[in-house]
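Report on one structure; see the data block that follows.
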Amino acid sequence: MGNIHIQTKSKEYDVYVGKESLSHLTTIVQNMQPSVSNIMIISDEAVASLHLQTVVDALQIDQKVFSFVVPSGEKEKSFENFYAAHTSALENKLDRNSLIVALGGGMIGDLAGFVAASFMRGIRFVQVPTTLLAHDSAVGGKVAINHPLGKNMIGAFHQPEAVVYHTPFLQSLPEKEWRSGYAEVIKHALIGDVKLYHWLKEEVQTLADLRDEKLIHILTKAIPVKANIVAQDETEKGVRAHLNFGHTLGHALEKELGYGNITHGDGVAVGMLFAIFLSEQVYKVNLAYEEMKQWFLKYGYPKMPSDLSVERLVGLMKQDKKANAGTIHMVLMQEYGVVNVVSISDETVHIALEAFQKDMV
């Protein structure tokens, strides 16, 4: 098992990664000061049916433990469920010394974290991720819900007390969720750990290789990339925006295709390829785009849909949180391991997207 220490200006905490990580949960709760009064576990139907009782049983404590379960899917990261969670918290007498446990993937981590950030102006929470994708979202304190006009538009920065990454929970994931999470692993490697990138190319020939010791190795290498960036820039005023590599187009694809019709990781994978495609033009460098494209396709990542309106995508990219005064800002790659946030004109993005779309056919 590998423990990773996270340090930000507002909080320090540990990420527990391994096959026995859940055994730490009781100790984590018992060591909190002031003492935890009661616990609310927030989960979704799919995860709760598999793992909720396991977590309840692992909590060897006297305090009351209750659960709030929402339907599964990104569209459930909504104001309605956020409000309903607050109602449940009030009905079950949560107070300022209570604890919320986020049991699930990124959707649940975001929703539960934002409930924790806002209930009585902020209470403690612990992340218990159940997906590979959540290795990214569970660390760093960004919590949010979606608005019909944009993803993660209503939220806060609220760091967890701990992250308990119990890897056996991941074994029930369908292949599309392994692929989705692996995209964020690739992202961390490309922007911050070139050695990990080369290791992935050698050691992960198929998604089935993302298991056991290789999985733990990947998590203990990818999470520190994010941790190091968050330590420098907790509230995304500077370098933390580098973590959005691939997300400008990725989020636009999610919005245009409809949440749930493309996974977050599939969108980010297409977005990273486009960022590399555009970076070669902007920086006049060779980033081996063709080789990267074939590598991504090998894992089953989708191509850019040929029937999507480039004009609509450009409009959605202008709604991205990095956009400034209506100008698109994208994270582009100067070389492997070196990225920058760059202002790009609508025309440049439009021309590049059209060329990229044709190349992906």
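Note that Cβ sites are derived from N, Cα and C of the backbone, with glycine treated the same way.
Sequence-distant neighbours of Glu74 (NAD(+) binding site): residues of the same chain at least 6 apart with a C-beta under 8 Å from its C-beta are Met107, Asn146, Glu254, Tyr259, Gly260, His264. Residues annotated as NAD(+) binding site in Swiss-Prot, with sequence analysis given as evidence: Ser72, Gly73, Glu74, Lys75, Glu76, Lys77, Thr130, Thr131, Lys142, Lys151.
Sequence annotations record features per position, and here Swiss-Prot assigns Zn(2+) binding site to Glu184, His247, His264 based on sequence analysis. Reduced to three states, the DSSP call for His264 (Zn(2+) binding site) is helix.
A distance of 20 Å separates the Cα atom of Glu76 (NAD(+) binding site) from that of His247 (Zn(2+) binding site). Taking Ser72, Thr130, Lys142 as the binding-site residues under consideration, the smallest Cα distance to His247 (Zn(2+) binding site) is found for Lys142. When each of the binding-site residues Glu76, Glu184 is scored by how many other Cβ atoms sit within 10 Å of its Cβ, Glu76 comes out lowest.
For Lys142 (NAD(+) binding site), other Cβ atoms within 10 Å of its Cβ number 23.
When the Cα atoms are compared, Glu184 (Zn(2+) binding site) and Thr130 (NAD(+) binding site) turn out to be 15 Å apart. All protein chains included, Thr130 (NAD(+) binding site) registers 29 other Cβ atoms within 10 Å of its own Cβ.
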